[in-house]
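**Q** Feature table excerpt (TrEMBL):
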ACT_SITE  A:254  active site, tele-phosphohistidine intermediate
ACT_SITE  A:323  active site, proton donor/acceptor
BINDING   A:253, A:254, A:255, A:256, A:257, A:258, A:259, A:260, A:303  substrate binding site
DOMAIN    A:28-246  domain '6-phosphofructo-2-kinase'
């Protein structure tokens, strides 16, 4: 007997009603099934951490929970003060022992992340330059039922290496007491320590049955061996499209539209007078930037095209950049929506990322729709994207590594250009207001919104997560050590806590909050008894914060 | 889509995303029976489907035009001067047609399908491309697995016009000798010597790839596609949801549930699937109620794809054709004029659908046995991809309710079996009426509307 279907009220997804699993229905068919461990391979300064973090950011954004485990950070915890490259000599027995322990501690955390914390992909970021080390990891994978995929970065261009060292090594904690030249010098010797025992992946013999991609000379060439599944295929495609050429990405919305002025959602209206003024200002701004080969992209909606027209340069239209489809709520004001669809209005505030407008779209749908744009942006160099509020939030969340929770509340005001420049492991943002007045279309997350436990605990989560910070304290002493978890709050008022499925013992949360008042913490305590936080704990935390 | 001509209305507005700046020449490389033509045809089909005008130029065919009757492998011997001369002429003739296609006929990508096994031949092609401002991308297939090669020969060589008068043993023996003729002078693409060229080397039917210097978006897409296809035997089943309540009323779109007959179909589908005894079948549906209800009846796990949702008819959602004619007669006529590119107001076009479905196609290529339960317009798009239909044909492909299409890749194409599950349903297919002018009478517009309640 076929099961009856009900439509989930937030996502508007039909699920069998007898199904009493509290999980969100699986709507991403091609998520990796067994968890995957991505293992970086390569000498120091070959871009392994760069790749690890970028890839993690991308995977999280498309909804695959991913986390980086950087063994160097474990080592920095274990050996508080880095003295010199001698630590990395292969005959330094004590050091070798410590480094081995760090790798094991990291792997233990990998296992925990993938089995207990619903991670799907773990990126094991270390040199992993010997067969011995890689064999150990393969064994670890086999024991736990994890797929293993290697990413090796091979580069012998001295310029690239010197550049890497300057950008990310010289300023790293290891060298905080050195000058640049000494740091550079020591690091080069460090590389030599590894080089002697480096056994690159061998596709012809020893490693011919492994799944891996060898990235040669920063993407000039790739060797891809035995891709096993969808996620590996997507990873390979992504790696083949990214580059390290310096460039800038400009994101802005169309100029103020007539519908904006009326406070209406969606639609396809033209620019208001002020909007046209903005378009002119944008043209001037672009000229001032004096960019080489700027690509200009718009959506297929009138307001963004009108804005681009004022620039008097060729531009390309992407349907994928169209604003989120508000379905039945198109062209209504928020007041209209609240009046005519009060339940929908409330549901949207409850979970703005997953919420799909009736006969419309959700932010989650947007991410999927906009992914090819992101891929093409990675390929390109200087690009200006003239889009819309929700779309811009999606793109921004990708570049700035914002979680699904934060994404729908990112501030993207009209008549402001965001200039993003990749720098070291992340992105520098400059916000440039073009000084043309416009209405404010931003709606903050309402304070009184109740958020039930189903949102805190997500199974088979398809939520883009902020790439979690690597665990700062390595669990060297044993399982009794507390798990320190850093959490960033969503926006101004509400706290979001991610609770692992089976936590044991007391939890310490170090909450980073923007200036906040205590009443909200007590609100959280009152409605979430399951967290097991005592009043005492919270008082301690608030004291810590205010000091 | 191949042959997608634009109506005057849409031409000016068409500032789509540019896939290529200058035309691209894809050059296959490899010994005979390494899958070059298979790859060429498949790649051409894919590129045309995603709206990149592509055409393949198979030098073997030019040779067959030139040398009407094929005698034996001796034609290919490296010391057969006359043979060499003819083969070179054929290659040049093909290149000439390539030039015409890319410069005069609006082509974007040309696939030059030949062995191209010597560096000398490849140099000639590179010079040709430089002279004409084309980018060159090599696709080399390297394979030493005797089983794979034998299978190739059986599947596509035995039936070739060259061996029309031979029996199997003779043909195989001759073809193996033919391969030998190429082997001695074969210079594979080399990591060092050819390090400035853009290419992908496919090793052992996709076990390994070497990718060098991808230059632009289209090459990146090509590489991604090539890395996702496989040749493991499998079948793809396409069908629509069971008849829905809105179907019965003659209304388009919406999100209604199955009618009684639709539920019958779902049960029949379950029996059919079981009788097929398919190994590891994946079942995919859209996120619309009627496809999910159909899948539910199968009693197996299934996955929902929003990308498989029916075409969005925008302001025409849930209307009958008669109502559309009444309320939007001009739109109705425009749609008949160019059904592929026509976008419903606040809705989608078939062209949009194709873009939306591309990740589904990519995943279908990766998978093995799959049953896709979708909708009329969506199924037409998927079918057009597998059966290499043009933009003109696509919106009129017959995808009737309660019929399953079983597609099995075979040789260079796809075998189709149409299985009707014998449960009655309304007809939802509307042919193109003869009068598509906006000034036409309502009766003329509604002439081809199928019956409904």
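For all residues, glycine too, the Cβ spot is worked out from N, Cα and C.
Please treat TrEMBL annotations as automatic predictions, because they have not gone through curation.
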**Q** Determine, to the nearest whole angstrom, how far the Cα atom of residue A:303 (substrate binding site) is from the Cα atom of residue A:254 (active site, tele-phosphohistidine intermediate).
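**A** Roughly 6 Å, rounded to the nearest whole number.
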**Q** Using a 10 Å cut-off on CB atoms, tell me which of the binding-site residues A:257, A:259 is the least crowded.
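**A** Selected from the binding-site residues A:257, A:259 on minimum Cβ neighbours within 10 Å: A:259.
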**Q** Measure from the CA atom of residue A:323 (active site, proton donor/acceptor) to the CA atom of residue A:255 (substrate binding site) and give the result in Å, rounded to a whole number.
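**A** Counting only the Cα atoms, the answer is 14 Å.
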**Q** Report the residues of the chain - excluding A:253, A:254, A:255, A:256, A:257, A:258, A:259, A:260, A:303 - with C-beta within 8 Å of the mean position of the site's C-beta atoms, for the recorded substrate site, in sequence order.
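**A** Going along the sequence, the neighbours come out as A:261, A:269, A:270, A:271, A:272, A:275, A:414.
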**Q** Mean pLDDT for the domain '6-phosphofructo-2-kinase' (A:28-246), as a whole number?
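**A** The average pLDDT of the model in the domain '6-phosphofructo-2-kinase' (A:28-246) works out to 92.
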**Q** Give the number of CB atoms, excluding that of residue A:255 (substrate binding site) itself, located within 10 Å of its CB.
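**A** Taking every protein chain into account, the count is 30.
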**Q** Taking the Cβ of the residue listed as 'active site, tele-phosphohistidine intermediate' as the centre, how many other Cβ atoms fall within a 10 Å radius?
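**A** By my count, 30.
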**Q** Count the Cβ atoms, other than its own, that fall within 10 Å of the Cβ of residue A:303 (substrate binding site), considering every protein chain shown.
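**A** So the Cβ neighbour count for residue A:303 (substrate binding site) comes to 27.
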**Q** What is the total of other Cβ atoms whose distance to the Cβ of residue A:323 (active site, proton donor/acceptor) is within 10 Å?
**A** 24
**Q** Which residues, sitting 6 or more apart from residue A:253 (substrate binding site) on the same chain, put a CB under 8 Å from its CB?
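**A** Long-range Cβ contacts: A:304, A:386, A:387, A:388, A:389, A:392, A:412, A:413, A:414, A:415.
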**Q** Compare the C-alpha of the residue listed as 'active site, proton donor/acceptor' with the C-alpha of each of the recorded positions A:254, A:257, A:259, and give the closest one.
**A** A:254
**Q** Over the residue list A:253, A:254, A:255, A:256, A:257, A:258, A:259, A:260, A:303, recorded for substrate, what is the maximum interresidue Cα distance in Å?
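**A** So the maximum pairwise Cα distance among the substrate binders is 14 Å.
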**Q** Look up the residue listed as 'active site, tele-phosphohistidine intermediate' in the DSSP assignment and reduce it to helix, strand or coil.
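**A** Its secondary structure by DSSP: coil.
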